[in-house]
Amino acid sequence: MSWISKQLELTPTHFVYLILSAFLLLYALFSAFIRNRLHLSEPPLATLVGIAFGPQGANLISSVRWFSDDITQEAARVVVGLQCFTVGVELPKAYFSRHWKSVGMMLGPVMTFSWLITAGFVYAVLQTKVTTALIISACLAPTDPVLAASVLAESTFSKRVPRRLRHMLSAESGCNDGVSFPFLYIGILFLVEQTPGAAVKEWVLGTVLWQCTLGLLIGLVIGHSFNRSLRFAERWAYISPAPFLVFYFLLAIFSVGIGSTLGVDDFLVAFGAGYGFAWDGWFAKKTRETNLPEILDLLLNSSMFVYFGAIIPWRSFTPTEFTPSITPGRLVGLLILILLFRRIPIVLAMKRFVPDIRTYREALFCGYFGPMGVGALFLVIEARAMLENGTSIPDAHPPAENENKQAIETVWPVVCFIVLGSTMVHGLSVAAISVGSHYARKEGERAPLIGGESDGLYGMVHEGGGGESEPSVSGDEDPDPPDHY
């Protein structure tokens with residue numbers, strides 16, 4: 001027995017390999033059943049796995065030994081950047097030329113309202129400074145593309161939602177993690193800059209023009225350039241099938257690398273590159289049967305939520321010297337307020353100004369469906385780093401004394417708790433909606449299985465162009481003849 005124990009190498013890293021792969025294998029085996037029968041998505045299940053095997057559970061994944069702000073920041077950067085790129089690729093061709101107003105309203109008035117109302121709730125419930133509340137709300141204002149993808153991906157439920165709504169929500173989620181940077185840096189710059197004038201100057205020049213505007217333009221140029229390059233290589237048979245498929249992933253990582261190296265908005269670079277790369281539908285047509293996004297979702301997104309479940313700072317959800325107002329009760333109350341009022345009232349009020357929203361039930365669905373996830377984790381690490389040292393690179397060992405100490409200690413636990421709540425509530429909402437719509441029908445009109453209905457959700461327009469992002473989605477048309485490549 002002692003000889004066997006010597007042969008075993010039981011380390012947290014080895015347990016990570018074992019637990020993560022076992023979860024992904026089990027999920028893959030029953031993925032269709034879980035998604036289409038139970039109406040569950042990967043993020044809440046993956047988060048529960050992380051919690052169960054993390055420090056608060058079996059303690060097989062010890063976050064103390066392998067967690068750091070650097071790992072969280074870079075993992076979130078890659079996962080969110082890849083998802084933003086995927087959204088850009090999967091949108092209907094020339095989507096923004098027809099639907100710019102709808103997406104613009106969601107990114108403008110809706111997101112601004114979400115930021116301000118969330119800041120008000122944080123300020124009132126947790127009794128923080130105004131600047132701290134603005135920073136936290138900026139992290140929580142955008143719709144997370146990773147959680148959005150897990151619900152909007154092809155499934156029995158997603159097909160019950162009009163396609164134009166799915167495309168609009170996907171486009172919004174792909175853009176607004178990048179668009180959130182101006183909101184985030186308003187609070188940060190007024191804390192770290194010496195004068196209001198310096199803060200405004202840095203916000204306009206550094207954040208709006210350099211990070212966001214230049215980042216989006218760089219992404220569009222990258223995407224369009226590599227679209228033409230790949231067409232050329234494919235036309236002359238310079239590229240083999242395997243590299244053709246992996247090109248998608250490599251270009252996404254390249255876009256994130258360009259963005260982070262130049263100090264521009266990684267996520268807008270990635271989204272712009274994805275949209276520019278697939279603007280004409282050619283790549284989507286070529287790879288329609290490969291299910292690349294689903295493969296990447298399973299591997300990267302699920303792994304990220306297992307990691308998140310293991311690093312949740314449970315002890316920080318109680319009062320400390322610097323966070324006396326953070327209590328479990330206040331955090332739960334804040335979560336409820338954010339879920340109910342962050343988006344629903346403004347989307348209902350703006351319904352007639354958003355062409356893709358046709359009914360108030362559609363407005364209610366779009367208002368409710370605003371999950372907060374991995375993007376918020378990246379933004380809060382970025383915020384903490386800026387508060388610690390004025391750069392986007394977090395300190396390995398933050399100094400004990402810092403004039404922004406209270407804000408530094410507050411932003412991380414609050415954002416983590418809201419992300420945890422949103423992951424669970426939004427991740428389980430599909431099952432709740434499916435079961436609710438099942439029992440809302442008369443007994444003779446119900447599907448044989450609970451939640452097994454496949455017709456369009458009640459109160460939404462599904463026909464006559466109302467359910468489509470007309471005129472067509474990427475890859476629906478006949479491909480260009482080879483001599484046009």
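Cβ atoms here come from the backbone N, Cα and C positions, even for glycine.
Bear in mind that TrEMBL entries carry predicted annotations, made automatically and left uncurated.
Note that the structure is a prediction, hence the values are computed from the model and not measured.
Long-range neighbours of the transmembrane segment (15-34) within the same chain, counting only residues 6 or more positions beyond its ends whose Cβ lies under 8 Å from a Cβ of the stretch, are 40, 42, 45-46, 49, 53, 60-61, 66, 298-299, 302-303, 306. For 15-34 (among others), the entry in TrEMBL reads transmembrane segment.
The feature domain 'Cation/H+ exchanger transmembrane' is assigned by TrEMBL to 27-433.
According to TrEMBL, the feature transmembrane segment maps to 103-126 (among others).
Within the same chain, residues 35, 41-43, 79-80, 83-84, 86-87, 111, 114-120, 122-123, 126, 161, 166, 169-170, 172-174, 176-177, 179-180, 183-184, 186-188, 191, 293-294, 297, 301, 304, 338, 342, 369-376, 379-380, 383, 387, 406-407, 410-411, 414-415, 418, 422-423, 426-427, 429-430 sit at least 6 positions outside the transmembrane segment (132-153) and bring their C-beta atoms closer than 8 Å to a C-beta of that stretch. The transmembrane segment annotation in TrEMBL covers 132-153 (among others).
Look at TrEMBL and you will find 174-192 (among others) tagged as transmembrane segment.
Residues 88, 178-179, 181-182, 185, 189, 247, 251, 254-255, 258-259, 262-266, 268-279 of the same chain lie 6+ residues outside the transmembrane segment (204-226) yet bring a C-beta within less than 8 angstroms of a C-beta in it. The annotation transmembrane segment is assigned in TrEMBL to 204-226 (among others).
Residues annotated as transmembrane segment in TrEMBL: 238-261 (among others).
Here the transmembrane segment (267-283) has Cβ contacts under 8 Å with residues 80-82, 84-96, 174-175, 177-179, 211-212, 215-224, 226-227, 230-231, 248, 251-252, 254-256, 258-259, 375, 473-477, 479-480, 485 of the same chain, all six or more residues outside its ends. What TrEMBL records for 267-283 (among others) is transmembrane segment.
For 295-312 (among others), the entry in TrEMBL reads transmembrane segment.
Residues or ranges marked as transmembrane segment by TrEMBL: 332-350 (among others).
Feature annotation from TrEMBL assigns transmembrane segment to 362-381 (among others).
Per TrEMBL, the feature transmembrane segment maps to 411-436 (among others).
Per TrEMBL, the feature region 'Disordered' maps to 453-485.
Residues or ranges marked as compositional bias 'Acidic residues' by TrEMBL: 475-485.
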Contacting positions for the transmembrane segment (362-381) when only residues 6+ beyond its ends and CB under 8 Å are counted: 43, 69, 72-73, 76-77, 79-80, 106, 114, 136, 138-140, 142-148, 151, 161-162, 165, 168-169, 177, 180, 184, 267, 301, 304-305, 308, 339, 342-348, 350-351, 354, 394, 411-412, 415-416, 418-419, 422-423, 426-427, 429, 457, 459-461
Among 103-126, 174-192, 332-350, 411-436, stretch most in contact with the transmembrane segment (295-312) (C-beta, under 8 angstroms): 411-436
Listed stretch, out of 103-126, 238-261, 332-350, that has the most CB pairs under 8 angstroms to the transmembrane segment (411-436): 332-350
